[in-house]
Amino acid sequence: MKGLLLLSLLLWVCLVYFVGIYVFVSGFLLVRLEVNRTSTCEDVLQPGHEDPQVNFCSSKPRFRKVIILIIDALKIDFARFDPDNQSPRPYENKLPVLEKMVSSKPTHSRLYPFRADPPTTTMQRIKGFTTGSLPTFVDVGNNFASSAILEDNLIHQFGQTGKRVVFMGDDTWESLFPKKFHRSLPFPSFNVKDLHTVDNGILQHIYPTMVGGDWDVLVAHFLGVDHCGHRFGPDHPAMADKLTQMDGVIRSVIERLQNDTLLVVMGDHGMTDSGDHGGESQKETDAAIFLYSPFPIFAGPPSQDEPDVVPQTDLVPTLALLLGIPIPYSSVGQVLLPLFPSHQQTEGAVGGLSQLEALWINAKQVNRFLETYSSLAKDIPLESLSQLKAEFSHISSEYLSSLRGGRSPSPQLLSFLQAYLASVRDTCRATWARFNPFKMVAGFTILALACLMCLILSEMSLLLIRESSAGLKTSVKVAACVSVSVAVVQLYTHGYMEVVWCFAAGAVSSEIVFFWKVSPKVVGWLKLRQLLVPPLVVLMLRCASLLSDSYVIAEGRVVTFLALSLALYIPVHLNWKGLLLPPSHDSLKCAGPLPSMVVSPSAVRKESSTLLGCLGLLVGSFYLSLSFHGCREELGSCQPSLFLSPLSRLQDSRLKNLHYVLAVAALCLWTFLLRRWLCHYGNLNASGVTVFTARWILPLLSVCLGLHWAVGATPEDSFRNLTELIRLAQLALPRTAFCLLGLGMLLILCDPLTVFLKTRASASGRSSSLPPPRYRASTGISPQAELHHLIPQIYQRMRRSLDDGDVSGSSEADHRPAVEAYGLGTVYSAPVLLFSGLLGMGLLLLHPEGMALSFLLLLLQMASLLHIHASSTTLYSLHGAHVGGFNVPWTPVVLWSLASTEFFHATGHLPTFPSIQWSAAFVGFPDGHTGTLLPATLVTLNTFASHILFAAGCPLLLFWPLVCEVRGSRGGRACGDEAEDAVMEMRLREHPLHFSAALLQLSTRYLFINGAQVFASVCAAAILRRHLMVWKVFAPKLMFEASGFLVSSFFLLFGVMLVLRVDVAVSRWFKRLIPEASR
């Protein structure tokens, strides 16, 4: 078997796909240009005071101090109070202090909805309300690894003007603003199961700090509400407790406020009904902001002129002007006018700025940023830029002329300034999706050629394997030379090297060389008729659906429909060809007196019944899996499955117990089915380490999972005396499971064989002549055999290496062989199946307990698909319609890929960021992590569990028809001759070249199907890049599709490597049995 060539070809194809994705994404998801300039006290002046010697910061501010209380995930619904609500939910009416202050002291306080710009993740929101800038889509990737903010921001301006900033709470601030605080008390923030550490740490220090005088700005970031939402959801008693605690905090802070201090209570984002956030639904973007001062700051009660919603970016210029510091350079926010007096220009201090004066300073700052940005970047349309400049020029000339003439400005000027600031923000928001069309086209081209290359490799696999190189060496050499040449040219012409173009040039050149090498063989092969087979038509429909936002939103049901349609096509097609039922007697008579093959009606009926039964099981499992789907916020009437919630969230004890029993039952059934299959085919009779894994590690892993779920479902206050023991169990059980999982996988890789060799004692005489070597798998089984399936006679020549047993005396007499090898017929599939089963249990550990039922449905779906494929192949063979070789048709491969996508949705995942199950990062690590690599890996494994399992188990599509083959199904003999014995997977060793070609074909077909879906997502993102839903639907779908392809490719390569490892082990096993002379 040409394992090295096979693996090299697959690795090369994957790398070309990776480069295409990287090049396109680098042109599509660009971060906007950051203007690294800083405002100073001399930049922004009061109207009419254009003297550069006047220091803006030297004037007396309206407030000397500010306290900013950030209650993470404080959505506006939590802050409102309804006195008529007699039966409030856990998150309702728990902050009465806000309503009390607003109603009793309307000139001292206000409560507004505080709208965030997506993505609604904490790091991006902190960046938004400290810089006043707008985030870009790709910024969401930085939420795991928060890097320092380089743009001008409020924290920098506070320090620059000598204000002492004291921070306490979420340690994200420390990484965003390193060494910027006068004093800081950060607490670990990443453990979403910890509701109290951060909040209690703040409460220990906030009141003594307020009483002390060594601060001007106090920032406290509470995390309990956000973590409670992630862990339990908003509709849980724990949320009521946290909000009540926050109500007490706000009351205590208000009691200690002084007249020169402004209090800001705000949320950075909201949360969905499930407690998640990250997207752009109104429940996620609408937080709350509460403003209060012991000294009156508002003209009166709220009026109709006040804003209904306050954008988060507006906080930046508002706080800057109220505290007498420059507005950060890149801010595009607009001052909150109700905080400034509406009378005309006030003499002297900044504290006396009127609304018009504040807006004028704000507009000057925004216009300065717009001019600087447009000179550095050319992404703002010239027409919009010219219009904005003309608008500001008109406002400026009218305002300054009125000041110089000593007359009052026009009443409409206030509206003009507000309209100008809104226009600038809208223009920036619309154009800060900077695309690089050259990189997008290059990535598009690489992916298109990669798909074509993959298709050619799959259809010409045998020919390319025979050539032993398939042009691979030449392609790699040319790619390396071209990449180096492009790097040298860039360094020579520009003085720097852009790696993306080096990769792009290398990938394109390698593809061109490949096509040049295979072009003589491809001519006449590629026909439209071959591409319009039903499975590829279904794949085209699947790819076309990715260009519609409606189909992407309803992807779970769309994929289920396509998969079931293609599955139903199989029996319809077989029946159309007359293969589903045994032929009638008339048809046999018409075939002539000596048909080439005798078709067994009972065998045909058995295989047809198996196929239809498995089809029914597949339809049922697909239908039941719909019960585990999550809900996108676009589907308003959708209700997420109860099984998506961890047991700790369920308040009904009976329901919790029922879910736990079902989960454990599903886990036990998963373990039983795996062991039953291995036992049935004789793979548990050996004494190797892989059998040890199946016999002991697999059940021990099940026990660990069951105990871990039981401990995780235990309420924190149920067993106060056992708190430490429960905490230890939460730490030890999942880590033990991880260790068992790693040990089992390592043992499988070290010695994957599950074959047991048994010899029979016989007469001492030996025959000088040996009959021809033959295999038997399921016929003439010894009555002494403990297992159902074995290969009783491997090679007759093998007996020469055995000291005991007589060839002619024993096996000729009772038709029983002297050598019995248990499990040899499934020598390849057994370790792959066991590895996939172990991997599935490890991935289940990262999911909520209720997903055990979904994973069981996954196992049933995989088994159904494999048996449908095997029965279909056998029916073709029984009727003499088998095409020969070990090729896997397109239909089961497309079905395998569709089932992978369907199971992605059946585990509650969606191609949206709010649906990411962040709790997976803390399985086995309840106290959090010191780095980001491990939690990111755990979340990735959780998110793409379906891609991992189906990719690693993909080789089973090649083995299963051999595992399930019946005697004589692989071609018959003339009438009267004995049918060929079923040798199962040992047939692959008789044809190593065809084995390699079939494995290459299967792998490249699977890569082509997944790559085509990535290519379709790329097309959708590129074509619809100005679509209203691009950042909400198409860009996240592209990110998830590309990430899923990367993960699938890695585990597909791993699955192929496991098969090659088994093949090497089998070869060594034979060499130990067969003498050198007889090989």
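Sequential numbering from 1, following the chain as shown.
Yeah, the Cβs are placed from backbone N, Cα and C, and that goes for glycine too.
What TrEMBL records for this protein:
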type: TRANSMEM; residues: 6-31; note: transmembrane segment
type: TRANSMEM; residues: 441-465; note: transmembrane segment
type: TRANSMEM; residues: 658-678; note: transmembrane segment
type: TRANSMEM; residues: 690-711; note: transmembrane segment
type: TRANSMEM; residues: 732-757; note: transmembrane segment
type: TRANSMEM; residues: 827-846; note: transmembrane segment
type: TRANSMEM; residues: 853-870; note: transmembrane segment
type: TRANSMEM; residues: 944-963; note: transmembrane segment
type: TRANSMEM; residues: 1006-1024; note: transmembrane segment
type: TRANSMEM; residues: 1044-1062; note: transmembrane segment
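For the transmembrane segment (1006-1024), the partner stretch with the most Cβ pairs below 8 Å, chosen from 6-31, 441-465, 732-757, 827-846, 853-870, is 441-465. Remote same-chain partners of the transmembrane segment (6-31), defined as residues 6 or more beyond its termini with a Cβ less than 8 Å from a stretch Cβ, comprise 136-139, 434-440, 442-447, 449-450, 453-454, 457, 464-465, 470, 472, 475-476, 500, 503-504, 506-507, 510-511, 996, 999-1000, 1003-1004, 1007, 1011, 1014, 1018, 1021-1022, 1025, 1035, 1038-1039, 1042, 1045-1046, 1049, 1052-1053, 1056-1057, 1060. For the transmembrane segment (827-846), the partner stretch with the highest count of Cβ pairs under 8 angstroms, out of 441-465, 732-757, 1044-1062, is 732-757. If you look at the transmembrane segment (853-870), the same-chain residues 6 or more away from its ends with a CB under 8 A from one of its CBs are 567, 570, 610-611, 614-615, 617-618, 621-622, 624-625, 628, 643, 662-663, 666, 669-670, 673, 840, 843-844, 847, 888, 891-892, 895-896, 899, 902-903, 906-907, 946, 949-950, 953, 956-957, 960-961, 963-965. Nonlocal intrachain contacts for the transmembrane segment (1044-1062), taken as residues 6+ away from its ends with a CB within less than 8 angstroms of a stretch CB, comprise 1, 3, 6-7, 10-11, 14, 17-18, 21, 748-749, 752-753, 827-828, 831-832, 835, 900, 904, 940, 944, 947-948, 950-955, 999, 1003, 1006-1007, 1010-1011, 1013-1014.
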